[in-house]
Every structure is written in structure tokens, then in C-alpha cells.
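Colleague: Heads up, here are the entries from TrEMBL:
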DOMAIN    A:67-179  domain '3-dehydroquinate synthase N-terminal'
BINDING   A:71-76, A:105-109, A:129-130, A:142, A:151, A:169-172  NAD(+) binding site
DOMAIN    A:181-325  domain '3-dehydroquinate synthase C-terminal'
BINDING   A:184, A:247, A:264  Zn(2+) binding site
């Protein structure tokens, strides 16, 4: 079992990573007998996990209510979040309840924001079931829902009480979702840890084959890197923005194509190549390193070109709604080397458009 | 000019109180030339204040966009808040924007929650225009919207950057709204300050006549009392709950009657009498003091009975959704004397029902 702590003073919390965690109710710390919970999950995960998990928690003396949401990024909305509030109020659940987010990034982000907002804040536990949410969205307290005009535009910084990662969940994950998670994994290598990037080049096949040791170590390393960044900059005043490599471009793809058509990791993968191309045009990144990124993404089954139906000009309006924009000016995360990156303002829009065009499928 | 500070460390902020503040853009600290703002108000206030205020801020170099919402408690919803997000994203406004809440409690609570949630948090300024919001809801950082199953059930603790109270606004306030604000004013006397209760008995006529000095001093005293409570207990783990005297009963009236039919202060007025009757039945409050409360509320033009169409049994389901409920148990704010109160758990439901029946119109 791997265990990490996200250090945020009195709001610190543990991340527990292992195969088979769901079989032991003690994994769900800090829940204890007598606690009230509302388990939020989606229609895809319900038949896979809900009854068994609910029965084990109930046997441990925890009261479990549940709300089942439709599955997909297009349901990460205020209106769907309202269904969680309705379920909570119908019982009714008080301020002493605990929300359990059983699912991927959509369930985790939406449930986290619901926990932040219900009665102005109740406890919640992240139980991420996709690789993407295990290595990224479940850790660090960014919660949100989407708006038709921008992804994750409505939300809160709100930390969970714990994160419970059962790596067995990855065995039921569709291959496209696994690849989407690998995009965020590769991101950590590019922005923060060149050795980890090399390790990924050597171990990608083991990860794709869900080798238990490789997967557990990989998730642990990503969570460690993220925990360090979050502990240093919880509210993204500085370094935390690095975690958004590829996301400004990627969010534009997701918004333009309609949420759910391009998976988040797929859009980020293409976006990371666009960021690398921008960095190349600025003379701060090499063609050889861009090719290493492209090769690794392709081995993981991820796109390295933007959508064919999207022109370079289509990106900018979405990119200018990015949360990193300050005083109307775009700020981009750009690689400096494999393992090192920066947040950069003032890149000419022409150069950004040219870099996007570099990533049009020939 | 009266000036108070709400002391919350680096999130401390000033409350400025005077007639004519809107005429001086410097009142709107910390806004400065070059800042972007989104002014949120309602259709009733728009013709009264919007053009003049917007022109003055614009002349001072502040960029002002605006969104006009329908007027009324029934519009304090997630769906209406989404209109604010749409307006912000259409421009688009970045994380460096400032929301200005020009209005009563509905506008202030909704705009505050929008500011807490937009891009996970942007700056906002409270500009309360009703007595109720000037003495209560604009100070202390409680923001929220309603849910059909409960008032203020969805929100955040999120402090404004400053509170700007122009007492001239009260001159355009309908008498019923002025009375509604006086309910919260009288509340402070009952829960925290017996001398202030006596002052109100002596000065109520001056307040009803909008005597400038009396009004300014009254608002200052209420804000001082509230600022002290909030500084000691920002997130309502203890003493802050005292500010909810009458609110558990009152919220039940508002929810049952449909938001907007009974004004908040009207429901709180009847609720405070119910709390006093409960305290009497517990042997901790005198009939004479209940009569002083009733007399003062009646002089202010406020109801002292519950709605005739509402039975005692109708209150409980709403009251059990109150945010003070812990482990399924009701917690009530009850007076101990004029100027002293407590939060009490475990009052028998029968006794609460009997106290509500004490307040049925004969």
C-alpha cells in the first residue's frame, strides 16, 4: 500500500493507493460507525461497484444514501449538481454529512463543488475510479462544473478529507479512458520531472498492460508531484499553474467540439504538442524533445493533432476565457526542457496561431 | 461618516456608512482606475441608481459592465446565478475582475456566491441598498442561493473586499422593506445588547422617520455587533449561530409560504416571538420580556403571529432541514433575557409545536 500526505496545515489529508482497497471499509478514513454519507456516482459505475461498496460500508455501521448521475462530461453542470442537493435535502442530510465521490473527474469535480457549497461546506471523500482522476483531479481541491462558455468556470478550492485509490478500478476502465489518463501522467514528466519522463518511455507498455507494480508506482509518483505543487501554492497564484500544460489549448478543443466528444486527456495531449510547438517557435525547446513527446503520446494511443474540423482561429476566443488570463492577456504554460516548464505572458497571438497550425494533421 | 473594520486577518475589510456615499467613487475602495467590474443589480434598482453610479465609476477610470436580474427572493436560485456567469463569460471577465453587488440581501447573497464560485473566486464589493442587507446580510461573508427544499442551502463563506452603505438608499425603500430590516435590528438587541434594545424602544419613531443621525448610528451599532461575532466565529462553529434567532422558524415560514410572499424580516419577526415563547415554556424567559418584544415588533409594523394558513406541524419538516441541525437534532437559538441568548439542543418537538401554537393569531 502506498500512502502520501497532502500537507496543508489543518486541512492536510492522506492519499491511499493499493489494489483491493474497496474490500476494506477502514480504507475510507475518516468515516466511522454512525456517520451519515451520500455516495455520488454515475450510471456506468453503479452496476460495477455500488452495491458491494455500499454493503461493506453499511456493515461497518456507516449510513449510506446514494445519488446516481448520468455519465459524461456534458453532465458536469450546475443543473446536474442541483440533483445532488435535492437528494441531500430530501432525506434531509445535515452539515455533519459526508459526500463520497465514486467516479472519474466529472463525479469528483462536481461532487467536490457540491460538498463545498451544500450548507456552505460539508466533508467529502474522493474515490477516483479512472486513471485521470487518480493522478490529477482527485488531488488538490480544485472542484468545478462547466459552463457552456467555458470548462471548469464555476467552482471552489475545497480539499477532500481523504483520497482513496483502488487500482483495481482500472481493470474495468475502457482503453480510451486509460489513454486519457496517461496524457496527464506524461504531463507530469514534461513539466516537473525529466527522470519520470524517461521512466515512462521505458515502462509505458507495462502501464498499458496494467502491471500492478508499475501502475501503483506511477500513480504514487504523480500524486507526490501534485501534492508538492499544491502544498506550495494551493490557490494557484504561481507554480500550480504549471499543472495546466496543454490545458489552455485543450479546453478550447473540448469547448469547441462539445464536451464529451474529445476526452479531457485527448484534448490535453494535442494541447501539449501545441505548447511544445509554441515553445519551439520561441526558441526555447528542441524539435527532438517535441518528437519524444509526440512518440510517447502516440504509443499511449493519444492524438497529437488538433481536430480536423477546427481552425486555428477557432481556438483563440476560448483561450481568452482561460482562468490564467490576466488583464486580457493570455498566459501559457510552456516547456523549457523535458522536466522543466514556465508560465509565460505576452506570447504574440500570431505565434500561438502558427503553433496550432503546426499541429494540423497533414 | 461611520467606519468599522471586520477583523479577519488578511481578509479584513472596511464597512463605510454615510449619506451620499454613491456620489464619491472613492467610497468604492479598493476599486481603482483600470479595474474591470461587473455590477449586478435588479430591475427595481436599475432606474433608481444604475446610470448615475455607473457614470461616476466610469469617470473614475473603472470599467463597468452590468447584469440586471429580476427582483425578488424567488429569483435567488442557481439558475439566476448562472445568468451572472454567462454575462461574465460573454465579455469575458478574468480572475482579476470585481463583482459589485448593488441591492438587498437577494442580490448580495447571490452575487457573493457568484464571486466565490466564478473561476473559483474573484473579488466582490457589497453595496447594500435595503436596511436588512445593511445591518445583516452584507456583513460577514455568508453567501448563498435558495433551493426549493430549503433557504440558503447552497453557498459559501466568502468575504467581500469592502461594504459600502449609502443611507440615502433607504429613502427609496418601500415601508414594508424598511420594517423587514427593523426585524434584524431588533434581533441584535434581543440576542446581544439589552441597552441597544432599550435605545430602540426610545428611538423607533426616529428610525421609521429615517432620521439621518438615528439611522446611521443604528446601522453602525448593528454592524459592530455583527463584526464582533463574525471575527470570533467566521464559520459558525459556535457563537455566530446566535445571529439566527427566529430564523429556524422564519425559514420554515418562508419555504412553506413560497419565497417572496413573506419577506425575510417578517418571517424572522414571527419566528423571534416563537423563540421567545419556546424559551418561556422552558422557564428561562419572562412573559413581560416577550411582551416588550411583541410591542416593539408591532410598532415597527411587523407580524407577531405565524401565517394563518400554516399549522404547527407544517413547520417541523422545514426546521429539520435547518443548517444548525446536527445528528438529526434541532438546535434553536433562544433568548435568556433581553440582550442574552443561547443555542440549545434537545428541545422536545412537542414543546416547539406548543410554542408555535402560542403564536397562532387568536
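Quick reminder: no glycine exception, Cβ is built from N, Cα and C everywhere.
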Colleague: So how many other Cβ atoms are close to residue A:108 (NAD(+) binding site), meaning within 10 Å of its Cβ?
Modeller: 31
Colleague: Need one number: mean pLDDT over the domain '3-dehydroquinate synthase C-terminal' (A:181-325).
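Modeller: A mean pLDDT of 95 is what the predicted model shows over the domain '3-dehydroquinate synthase C-terminal' (A:181-325).
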Colleague: Under a criterion of Cβ-Cβ distance under 8 Å and sequence separation of at least 6, what residues of the same chain contact residue A:184 (Zn(2+) binding site)?
Modeller: A:131, A:132, A:135, A:136, A:222, A:265, A:268
Colleague: How many Å separate the Cα atoms of residue A:172 (NAD(+) binding site) and residue A:247 (Zn(2+) binding site)?
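Modeller: One finds 26 Å between the Cα atoms of these residues.
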Colleague: Summarise the domain '3-dehydroquinate synthase C-terminal' (A:181-325) by DSSP state, stating how many residues are helix, strand and coil.
Modeller: 104 helix, 2 strand, 39 coil
Colleague: Helix, strand, coil residue numbers for the domain '3-dehydroquinate synthase N-terminal' (A:67-179) per DSSP?
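Modeller: Residue counts for the domain '3-dehydroquinate synthase N-terminal' (A:67-179) by secondary structure: 47 helix, 35 strand, 31 coil.
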Colleague: Could you work out which of the binding-site residues (A:71, A:169) has its C-beta surrounded by the smallest number of other C-beta atoms within 10 A?
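Modeller: Each of the binding-site residues A:71, A:169 was scored; lowest Cβ tally within 10 Å is A:71.
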Colleague: Determine which residues of this chain, when A:184, A:247, A:264 are set aside, have a Cβ within 8 Å of the centroid of the Zn(2+) site's Cβ atoms, and list them as they appear in the sequence.
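Modeller: Sorted by sequence, the hits are A:132, A:136, A:183, A:187, A:246, A:250, A:265, A:267, A:268.
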Colleague: Let me know how many other Cβ atoms fall within 10 Å of the Cβ of residue A:74 (NAD(+) binding site).
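Modeller: A count of 14.
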Colleague: Please report the distance from the Cα of residue A:108 (NAD(+) binding site) to the Cα of residue A:247 (Zn(2+) binding site), rounded to the nearest angstrom.
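Modeller: Residue A:108 (NAD(+) binding site) and residue A:247 (Zn(2+) binding site) have their Cα atoms 18 Å apart.
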Colleague: How big is the gap, in Å, between the Cα of residue A:74 (NAD(+) binding site) and that of residue A:264 (Zn(2+) binding site), rounded to a whole number?
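Modeller: Their Cα atoms are separated by 12 Å.
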Colleague: What's the number of neighbouring CB atoms sitting within 10 A of the CB on residue A:247 (Zn(2+) binding site)?
Modeller: 26
Colleague: Which chain-mates of residue A:264 (Zn(2+) binding site) that are at least 6 residues away have a CB under 8 A from its CB, listed by sequence?
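Modeller: The list for residue A:264 (Zn(2+) binding site) reads A:73, A:105, A:132, A:180, A:250, A:254, given in order along the sequence.
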